[in-house]
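S.K.: Feature table excerpt (Swiss-Prot):
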{"type": "BINDING", "residues": "137-138, 171-179, 197-202", "note": "S-adenosyl-L-methionine binding site"}
{"type": "ACT_SITE", "residues": "C354", "note": "active site"}
Amino acid sequence: MSSSCIEEVSVPDDNWYRIANELLSRAGIAINGSAPADIRVKNPDFFKRVLQEGSLGLGESYMDGWWECDRLDMFFSKVLRAGLENQLPHHFKDTLRIAGARLFNLQSKKRAWIVGKEHYDLGNDLFSRMLDPFMQYSCAYWKDADNLESAQQAKLKMICEKLQLKPGMRVLDIGCGWGGLAHYMASNYDVSVVGVTISAEQQKMAQERCEGLDVTILLQDYRDLNDQFDRIVSVGMFEHVGPKNYDTYFAVVDRNLKPEGIFLLHTIGSKKTDLNVDPWINKYIFPNGCLPSVRQIAQSSEPHFVMEDWHNFGADYDTTLMAWYERFLAAWPEIADNYSERFKRMFTYYLNACAGAFRARDIQLWQVVFSRGVENGLRVAR
């Protein structure tokens with residue numbers, strides 16, 4: 001049964017409801033209220049399901065049409081800003097994860113290729129419509145931009161300026177996605193690029209996009225790389241590495257970077273070190289992911305590099321995600337035959353929940369520039 005067929009129901013006056021109502025009221029959210037961030041319950045078992053199953057129950061019950069919210073992004077932002085997780089009754093703290101407080105906080109899995117097949121191979125029909133022409137599935141830079149395309153191009157330009165690219169350089173792009181950055185670097189800075197991805201769909205599109213340029217796209221694990229590059233860049237890939245592999249990751253970068261080279265890391269980050277796994281994101285979105293913390297990045301990079309610059313523009317990811325959501329909704333009539341209504345609700349939940357988390361400053365977006373100690377230092381672009 002679709003969610004549109006399920007009418008709002010009278011909420012049961014039991015302990016499940018009372019606990020949920022008390023918690024949500026602390027965030028200024030009403031049950032069956034009329035404000036944009038209020039939730040409308042369509043199944044009386046909703047409260048029990050969420051309190052018993054936590055984040056997974058919250059997300060799956062939305063996918064099943066058990067509850068609605070006009071502005072999911074506002075709902076998550078309010079819940080996270082209120083710090084509800086820290087206000088839970090003691091005996092619920094291990095199981096209750098209302099609002100998915102760490103939506104990207106996922107542990108790494110041994111089989112790194114899973115994420116390529118589960119998420120990035122969903123289909124280019126979806127991503128090509130939702131993303132900008134450069135197919136950037138990472139945070140845009142909105143400082144002087146007023147639309148997604150210009151904001152993503154501003155991000156690409158800033159990356160290249162931070163890397164201080166010069167004609168003839170060899171550049172390694174770890175986690176190259178659909179080849180947008182590789183294409184931009186090769187066509188605008190006359191550099192040779194090697195891109196690495198674990199998604200067959202991404203490799204195919206990246207090769208087509210970069211045809212005629214000095215760009216090679218490899219379908220392989222980054223740990224197998226053994227070459228020499230003037231510059232290395234990694235955008236939106238470190239989230240899939242996992243804490244147990246952070247030391248290996250920086251060792252691989254060190255092994256492949258020339259002595260005078262520069263490395264730029266672009267990653268979502270956690271405001272504190274936490275290895276907990278969010279079961280909903282782990283099951284439906286990124287089966288191989290975990291957000292790094294400042295401490296983890298510093299510890300793993302310290303044996304190899306000098307940290308030249310740390311740039312946080314996480315607030316821009318909120319704007320980016322809402323732009324993606326707007327384009328996703330606009331494109332849905334064109335792609336609906338390829339996906340289920342439940343998939344639409346899943347992706348709606350994912351984009352809005354993440355936007356709310358960035359808006360609440362619960363998660364961050366960092367660009368970190370490393371060298372081995374460039375003489376006279378680096379003047380890093382903004």
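Every residue, even glycine, has its Cβ placed from backbone N, Cα and C.
I'd like to know what surrounds each of these features in this structure.
M.R.: In the shown protein chains, 23 other C-beta atoms lie within 10 A of the C-beta of I198 (S-adenosyl-L-methionine binding site).
Note on C354 (active site): other Cβ atoms within 10 Å of its Cβ, all shown chains, come to 27.
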S.K.: Looking only at C-alpha atoms, tell me how far Y137 (S-adenosyl-L-methionine binding site) is from C354 (active site), rounded to the nearest Å.
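M.R.: One finds 13 Å between the Cα atoms of these residues.
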S.K.: Work out the three-state DSSP category of Y137 (S-adenosyl-L-methionine binding site).
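M.R.: In three-state terms, Y137 (S-adenosyl-L-methionine binding site) counts as coil.
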S.K.: For W178 (S-adenosyl-L-methionine binding site), just count the other CB atoms lying within 10 A of its CB, please.
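M.R.: A 10 Å sphere around the Cβ of W178 (S-adenosyl-L-methionine binding site) contains 30 other Cβ atoms.
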S.K.: Under 8 Å between C-beta atoms and at least six apart in sequence, can you list the same-chain neighbours of G175 (S-adenosyl-L-methionine binding site), or say none if there are none?
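M.R.: Correct list: V196, T197, Y222, S234, V235, G236, M237, F238, H240.
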S.K.: Write down the Cα-Cα distance for L172 (S-adenosyl-L-methionine binding site) and C354 (active site), rounded and given in Å.
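M.R.: With distance taken Cα to Cα, L172 (S-adenosyl-L-methionine binding site) is 29 Å from C354 (active site).
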S.K.: Are there any residues in the same chain, six or more apart in sequence, whose C-beta is under 8 angstroms from the C-beta of L172 (S-adenosyl-L-methionine binding site), and if so which?
M.R.: V193, V194, G195, V196, L225, D227, F229, R231, I232, V233, N256
